[in-house]
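What TrEMBL annotates here:
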- CYS109: active site (ACT_SITE)
- HIS266: active site (ACT_SITE)
- ASN290: active site (ACT_SITE)
- 49-348: domain 'Calpain catalytic' (DOMAIN)
- 608-643: domain 'EF-hand' (DOMAIN)
Amino acid sequence: TEEEVAVPVPSYDRDRLRAEGVGEHNNAVKYLNQDYEALKQACIESGALFRDPQFPAGPTALGFKELGPHSSKTRGVEWKRPSELVDDPQFIVGGATRTDICQGALGDCWLLAAIGSLTLNEELLHRVVPHGQSFQEDYAGIFHFQIWQFGEWVDVVVDDLLPTKDGELLFVHSAECTEFWSALLEKAYAKLNGCYESLSGGSTTEGFEDFTGGVAEMYDLKRAPRNMGHIIRKALERGSLLGCSIDITSAFDMEAVTFKKLVKGHAYSVTAFKDVNYRGQQEQLVRIRNPWGQVEWTGAWSDGSPEWDNIDPSDREELQLKMEDGEFWMSFRDFMREFSRLEICNLTPDALTKDELSRWHTQVFEGTWRRGSTAGGCRNNPATFWINPQFKIKLLEEDDDPGDDEVACSFLVALMQKHRRRERRVGGDMHTIGFAVYEVTPTPVLQNVHLKKDFFLRNQSRARSETFINLREVSNQIRLPPGEYIVVPSTFEPHKEADFILRVFTEKQSDTAEQYLALITNLSFWPQEEITEDDIEDGFKNMFQQLAGEDMEISVFELKTILNRVIARHKDLKTDGFSLDSCRNMVNLMDKDGSARLGLVEFQILWNKIRSWLTIFRQYDLDKSGTMSSYEMRMALESAGKSGEDGAGLRVEESCRSPIPSRWRTVEPAYIVSFEPICHEMRPMSKLGSLQPILACCWHPQSPGYTQGCPSHPHLTCEVPPWQSRVNELTFIWQWAIAPGRASLTPTKAGLSALPWVGCRPFPVRP
C-alpha cells in the first residue's frame, strides 16, 4: 500500500475539530492520518497483506537499549503473522477475559493489569477493541484500536506482524494460544509510545486512563481513609478500574517475591470485592489478579486454603476458585496490610467517595514548560516559580450536600505530562510534577493577568497536590469556598521542559481561563513623542552635525559606528555591540520620509528611546552581571509596555514568550542576553506606539468565525475563519501597526515573517 505521511495538526485546527466533536470516542482522530477502512480496502483490492510504514516490523519497533538492535534479548527475534504461528488464529475466543492477558518478556505489567481490568466491562472493552475484526472475514493483515491520548480518542492502525522467538510470542500472549487481540492491542500501544521498550515500567493509572479517558486517584494504603472498603466496593460497582501494588524500598526489591508469594513493585488488578459468611461472621474478601498468569498469594483465602471449607458451597462456587490462573482472593485486612498503593480510575469521573452519583463538569487546558520562559519549578524556587503557566478557576456555586454545613465547592485538578515515554529513546523520562492553588481577589487590573513573583512571596497556597511525583499524572480532589483561584502547575525542578494538559473537574458550573490566554494590548497609553528642531538642545545639534556630515543624515552604517562607540563607554554592559541588522531595523523604525536615513529629529527620538531602554535594562539586570537572564528579560519587556497608572501593558501570549529568549540565548540553562537584543525586541513596542485604539483578538471555538476590525476605523473589518484565530492574534497587530498600508487581513508567510517578535517561530499558514 502507499506509504502514509504523518502531518501534525496545528493547535488552532485541533481546537476547531474538537468543537466539532472530533476526538470523542465515537469520532476518534486518525492517528498519523491512517484511515483503517481505506487502508484495509486498498489491501483487499490489491490482494496484499498490510505492512505498517509508520511502525515497521524491525529493531526500531522493539527498543533502543535493553531491547535495542544489539541486545541479547532481541537476538533471534522474528516478526510473524498469527497464521504463521497457529493453524486457525482467532481475534477473540469466547469473549475477552482476564486470562487472555499473560505477561511476556516486557516489564509492562502495569499496562496488562489495566487491560485485565478492562475486560470486566464489555462496553469499555469494545470502545478500545472495536467489533468486526477477524482473521477470517475480509482479513487483510490490518487491525485497529481506539486509545485515549491527552484529551482525545485516537484510532491506531497496526499490522499483525508480531515479535516472536523460538516460535512463541515474545511479549503479551493469551492463555488460549490461538487468540491474539491482547498482543495486537499491546502493539498499538507500543506504536503510540514509539516502541515496545518505552512501555517498560509505569503506573496502572496510565493504562486505566488511556483505555477510558477517565481520571485517576491514588491512595496510600498505609494512610487510607477509614471507609476504604466502601470506596473500593463503590468503585467496582460503578465500573471503575482498580490496580494495586507493593512499594519497593531498593533496587533489589524490584519484582522480589515475598514470603507469601506477592511480588514487590509489580502491578496487580483488583477485580472484585465480596462479603462471605465465615464461621458466623461477615468476612470481606478482595479478588486480585497477577498479569503473569501465575505466582499467587499463599496466605489466608488463597487457592486451596482451609478457609474455603468453612463457607457455604454456593458462595465458594460463585467466587469461581481456579488453581494457578494468576487470580486469587485474600481478606480485606490482609490486602490493607500487604499492599502499599491503590489506584482507582474514575470513568465519568464521578465522586466515588460519596453515596450519590454526581456528574462533573470538565475543562481541559494544554500548556508547556519551556526552559528560560515557563519552566519555573516548584514553590521551592521563589525567584522563578511565578513564570510557570497559570490557570484561573472561578467557583460560582457551593455543593448541594444537605449533610454538610460547610459552604464549599468541590473540584478535581489533574495534571498530566505528555509524550514522555517517547523521550526515553533520547534519554528522557517522566518529570517530577505537581501543582499549587492560590486564592486571588478579583480586580479589573488582575483580570487574566499573569501574577508576578511578589504575589507568591506574600501569599500561601490554599491547596496543592499531595506530593510531587514522577508519574505521568498527579491529581487531587479539593474543596474550597466560592471565589477565584489560580492553579499553577510545575515541575519540581526549574528548567525542565515538557508539554502538559491540565484537567479541571467541578461539581457545579465554573469559569476557567488561562492567564494571558490571548494577546490583548492597550496601546492608548503609549504617548507619541512629538518634538521639533526647536525642542532640541544646541549641544545635541552640534554633536549630530559632527556625526552626520554634510548631508545632515545618518545612514545605517554611521548609526552602527555611533552606537558602538557610545556603548563601549559603558563598561558595566557585556555586549558585542550593535549589529548591522539591529541598526537597520532602528533606521526603518524611525525613518518617516523613506530616505533610509535618520534626520536630526528622527535621531533625537531614537536617542531618547535607547536611553530609556538602557534604563530599563539596568533596572532589571537584577544581579548586575551586565547581561540579562531570560527571566529578567521577560520582566523588562513587560515593563517597557506599562503605563504609569493602570498597570496595563503589552501582554504577551504564552506561546509567544518562549521564542524571544531562545532567539538570543548564549548560555544554558538561564538564557543570557545582552543589551543589543533587548533593543531589538523593544523596537516593535515603539512602532506600536503610533497606534491609539485598543486591539483585542479573541475567538470562541463555538462560533464559525469572528469579525475583526480597528475601533477607530470601524468600516475596516474582515470576517476571519476559525483556523486563522491563533495566527491572527499577531497578524492583526502587525497589519494595523507595522504595515498599515496593507488592505488585506489574510496572513501570508511574508507577512508573518515580518513580525519582529516572532521571526524565530514557524507558523503554519494556509494558502
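Using the three backbone atoms N, Cα and C, a Cβ is placed for every residue, glycine included.
CYS109 (active site) sits 7 Å from HIS266 (active site), taking the CA atoms of both as reference points. Mean pLDDT for the domain 'EF-hand' (608-643) in the predicted structure: 76. Shown for the domain 'EF-hand' (608-643): DSSP residue counts in helix, strand and coil, namely 24 helix, 2 strand, 10 coil.
Taking the Cα atom of each, ASN290 (active site) and HIS266 (active site) are about 8 angstrom apart.
Over all protein chains present, the Cβ of CYS109 (active site) has 27 other Cβ atoms lying within 10 Å. Around the Cβ of HIS266 (active site), 23 further Cβ atoms fall within 10 Å across all displayed protein chains.
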